[in-house]
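Undergrad: Take a look at what TrEMBL says about it:
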- 1-17: signal peptide (SIGNAL)
- 3-130: domain 'Ig-like' (DOMAIN)
- 136-223: domain 'Ig-like' (DOMAIN)
- 231-256: transmembrane segment (TRANSMEM)
Amino acid sequence: MRPVLWTLCAVWVTVNAISVETPEQALQAARGENVTLPCTYRTSATDRNGFIQWDKLLMTHSEKVTTWTFSDKKYIYGSRYENRVSISSNAEQSDASITISQLTMEDNGTYECAVQLMADLDGTSKSRVRLLVRVPPSKPECGINGETVIGNNIELTCQSQEGSPAPTYSWKSYNVLNQERSLPLPVTGQTFLLKNISTDTSGYYICTSSNEMGTSSCNITVAVRPPSMNVVLYAGIAGGVVAALVIIGIIVYCCFCQSKGDGRSTGSHQRR
């Protein structure tokens, strides 16, 4: 008799236990679009005293998206989601989905749907869904690390500040005659290393940033110079400094002489 009672109790708890599910585990949408994050729940409780809550899960904490109460049908928004989130019109039946409008890059992440009913506190009350906001790469920023002197190693850099999914990078090069030429492998990645550069290294380097939403590129002009140019440059700077000091010295000397002459003239007038 006792096993039968335990079985009946287990069945009763199962029937009354709430079950929350997200039918899709991952969604994608473009920036600026609207997206519906699906969430459904099943319960045998007829009393809808409680709330639906959505949070965005971060590394160390969660960020409130919205809380919607069954009793007064009011929203409590998180700071970034004010008037951008709406609950399903069938929320009182079994649909706890929300729609987020005007998506931004910051909306990327994992969201958690929770349904809390005072009449049904058992079971699985939460479920998660991941959102990927698609954004084309922004125009990358190109740069050079190192001096473009014969025999040196230099590193070309390229990075897009925006892009989702994360952009991939590829490189091409053209010589000074604007003819495409082969490059040493690898020719992908945010950095491209050129070793033991020579005058043949001079030319144009194009970095292309790509993802499924589009492409964007930037270019770098590399002009390799001989080491002697550095000597000439430093000599020119030193010569300029010396010339400036000489000019300043002459000006000071002239001012001193003029001041001394004025003093003598004044003394002569006084003796008269």
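Each residue's number is its place along the chain shown, starting with 1.
Keep in mind that glycine also has a Cβ here, set from the backbone N, Cα and C atoms.
Keep in mind that TrEMBL annotations are predicted by a computer and have not been checked by a curator.
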Undergrad: Mean pLDDT over the domain 'Ig-like' (3-130): what is the value?
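TA: Mean pLDDT across the domain 'Ig-like' (3-130) comes out at 89.
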Undergrad: For the domain 'Ig-like' (3-130), jot down how many residues DSSP puts in helix, in strand and in coil.
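TA: The breakdown for the domain 'Ig-like' (3-130) reads 17 helix, 58 strand, 53 coil.
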Undergrad: Please count the residues of the domain 'Ig-like' (136-223) that DSSP assigns to helix (H, G, I), strand (E, B) and coil.
TA: 3 helix, 45 strand, 40 coil
